[in-house]
Amino acid sequence: MSPEAHETPTEAHAAESPNLDFAGTTPYEDYVQADVLTHLQHLRSDDPGEMVFLVTTQVMELWFTVIVHEWETAAQALRREEIPVAVAALKRSIRELEALNHSWKPLAGLTPAQFNSYRGALGEGSGFQSAMYRRMEFLLGDKSASMLVPHRGAPRVHAELEKALHEPSLYDEVLRLLARRGHAIPAAVLERDLSKRYEPSPEVEAVWTKLYAGDESDELARLGETLTDVAELVWRWRNDHLVATRRAMGSKTGTGGSAGVAWLEKRATKNVFPELWTARSHV
Ligand code: HEM
């Protein structure tokens, strides 16, 4: 029950209503920093539709941040052989990826005329420059040193990305675990240059094939399926982005300077954790 307007804070308290009396900012504000979050919407046009474009982008950045946290937790847990901890983090990330993907809804029907109303105000700004999205890709094994270049002018972001570039990805940790458990992961895969994109290996495919052909309740086979859920939802994000972009701007070039839809199409066809997909043909 909400406190009545005429009640004093003491009376409200007596009726077991929420506290109204705080010496400084509220404990909610101290924890959530809602005042900071809800004043980060610096619009660049007079178009009423720009607000939801900016906030959707900010919401997605927050989900990227949560998901990076989960995948880093999972990677560290795998290193310590704590598979249940890793799986719990991955399962949380699956729910979060679903929420991330649902956040396309407000932008999914954007028309070219609506997008044009504020597109010019974005200048050369593009999601391509999202450092947190790059951290996600690096954790998935999609590494690329050239993706650090746009962030040269931002030391903290650059340092975080550089560290992530040279660290084992989530998939590298999975393959190291498989090797420790006696599966035939080749040395070339285990000792690969971590700063390069993960390239599929026939031997790794054979390991997943064997695991999938065996007992489905096996801990490692179930880990493979959890990773497949992650990969599928990443693929869905990329495709939802592609379709929203196609609807909003057809085949125009992107604000980030790429060929736009044609460039995104190429990126969206790729699957992360490649052998988890190709092994299925051999089971
Ligand atoms: C419907 C509105 C949107 C359009 C038309 C659009 C368009 C584009 C285009 C054309 C690109 C290619 C790079 C370029 O030349 O700019 C791109 C990349 C990207 N956009 Fe969007 N975008 C939209 C919404 C969003 C939102 C809300 C996010 C959330 C953060 C986002 C994140 C990204 C990311 C991460 C990339 C890089 C993808 C990669 O490297 O594979 N985009 N976008």
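Note that Cβ sites are derived from N, Cα and C of the backbone, with glycine treated the same way.
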Annotated stretch (region 'Disordered', per TrEMBL) among the listed ranges 1-20, 101-120: 1-20
Cα-Cα distance linking THR255 (substrate binding site) and HIS241 (heme binding site), given in Å to the nearest integer: 15
Secondary-structure category, per DSSP, in which THR255 (substrate binding site) falls: coil
